[in-house]
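**Student:** Dumping the structure here so I can ask a few things about it.
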């Protein structure tokens, strides 16, 4: 009888287990086989085969290979010892069906064992190190080799994100720095890789700059700037937009060093200043994180001159200011011309402003500077306008890997929508995305996924299509009743997303101030609309919605918010001329000199006359009957118009309590002005107070018992309203609230109190 072999440390035992009995002259018979087994890549495994038979069977092992059985050959990793097949450091290629054959002179029997070798999980995170500024965004890509696995992310040991292979970190702050780990896990295996996010380099910041000055020829001059940043910034000096080196003379030298504070200091030294040294000087500090610059003029007394500059190239849609590259001082006039005509509106203070430029702005311009003596200099400057590219191509390639390689693309983690009309073309180890007409809708994060039979990797890059703001909902004038909510809509689109600011003011743009600093009742909603609630008299005026995103000149629109609407009444009379028209209000004549808000206009024709009565900002006392009376030599006629100016109803008055008994209390009141709108109902509330408790109208009544009385019942019944209350010996107070045609509470009331 064969005994069941023992477990060997470090080995996975796959056992084909059979009981054996002493049988005479019996062909081999296998009794059982274990289930499919799984071994991790690199592990050891034993396949044990047992059978009964007489004489004792002999064992052979075979490997299934393309439908054929191949005898197992011994090598360093695979060995056979009778019924035991040992596979050391199992590889993925060892997976499959292995067959054990037990045979003697009376016959044979075979059984199969299925072995699965699971690849080890291999995780990589790309990029392994990212340095980002505060407020920016980064993306980590986790690539997993070795099959399907669950993904989770940790940031300094704390779970973050979801179970996606792409982790995006937006709006980076100091707390986001640290180590990010991607864990891939399954039942018998796990792996992880890490990447680091550093908050690092900062854009340069200027700490010292030079000032504008006027010099006589002769002295030595030193202009200097100082800036900090990481990495340490480098300085470039410009004269009228061109590097000083291009105007290099022995009299001009540039030096740069780091002072004791760690700031970078740069000097531009000019010996024996001459008139031609005058111009607009710029010191620009730049590093890998950004750039900052300072510009101002150096004026040197002398005759006017204009230095030669090459063509000026500007980008369409980006605000651009072009300065005339002149020298000489003093200068009385600077003029820009195009085609022999002065450039109007875009030239101010000697600056040519293209805000923003478009294709029509390209061409030959002329700059002319004139001295008080009448001497002048003039030079032509060619301006080219670059139109932003209408097509974009994105390339993705691999450096190594077995073919065939399959590419796929994602946008913001999803398949690219077909309506974006993006073409994808693959060629060997490369894949292209072709955008034939790029728009802001194409902005986003694009992920290229490359896969073959062994692994899948990915890389993500961001495509940003910058678009100037444009209106979605352009603001319009608004009028509303006092106490209601006013919504002034303002919605724009563009990329980056435009920032919407509401301002209030009067007159010039400089007099407008952000509304958030003026009134707590004003707020800007997330969709850009301006909300005023409740509206009051002081909210009337001019408002401006401004949208900016750094591209183009931005958008702005002024509107007027008024507390009530303008009313226009029309009256047409037909008949033989002359026809005389007269307007009256509640049988009183309209004195237009007294009523500054009221105006009357007439339009006469052969068939008659048309009159229009306009009331600006209609108010309560404008309600009533308006009569338009027309009269000629043959008779007269009139038109009656009833105008109702709606307002909030006034609070009820004269609240009194009559008889009080166990059933309740009888109360009555006088109704106030209804605001030319039907009052729906009255609400009576009461509560008990101690005999010495003061009566405070501002107390909260939200939890006090209440009874709603329909307005119709009150108006058409002479008897007062009975309010059922719990009879007590304490003082009771009542408020009356009137509710308008909307279900909202819009006015409070007088109060009453009584003792039992």
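Heads up, the Cβ atoms here are built off N, Cα and C, so glycines get one too.
Automatic prediction, not curation, is the source of TrEMBL annotations.
Pulled the feature table from TrEMBL, pasting it below:
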DOMAIN    28-116  domain 'Ig-like'
DOMAIN    119-198  domain 'Ig-like'
DOMAIN    204-299  domain 'Ig-like'
DOMAIN    304-370  domain 'Ig-like'
DOMAIN    372-464  domain 'Ig-like'
DOMAIN    534-632  domain 'Ig-like'
TRANSMEM  725-746  transmembrane segment
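So that I understand the layout, could you describe where these features sit and how close they are to other parts?
**Tutor:** The average pLDDT for the domain 'Ig-like' (28-116) in the predicted structure is 84.
Across the domain 'Ig-like' (204-299), DSSP assigns 7 helix, 59 strand, 30 coil.
For the domain 'Ig-like' (372-464), the number of residues in each DSSP class (helix H, G, I; strand E, B; coil) is 6 helix, 53 strand, 34 coil.
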**Student:** Can you break down the domain 'Ig-like' (534-632) into helix, strand and coil residue counts using DSSP?
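**Tutor:** Going by DSSP assignments, the domain 'Ig-like' (534-632) contains 6 helix, 57 strand, 36 coil.
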**Student:** Looking only at the domain 'Ig-like' (304-370), how are its residues distributed among DSSP helix, strand and coil?
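**Tutor:** Summed by class, the stretch gives 3 helix, 37 strand, 27 coil.
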**Student:** Which listed stretch (204-299, 304-370, 372-464, 534-632) has the most C-beta pairs under 8 A with the domain 'Ig-like' (119-198)?
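**Tutor:** Stretch with the highest Cβ contact count: 372-464.
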**Student:** Mind checking how the domain 'Ig-like' (28-116) divides into helix, strand and coil residues in DSSP?
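**Tutor:** Its residues divide into 3 helix, 54 strand, 32 coil.
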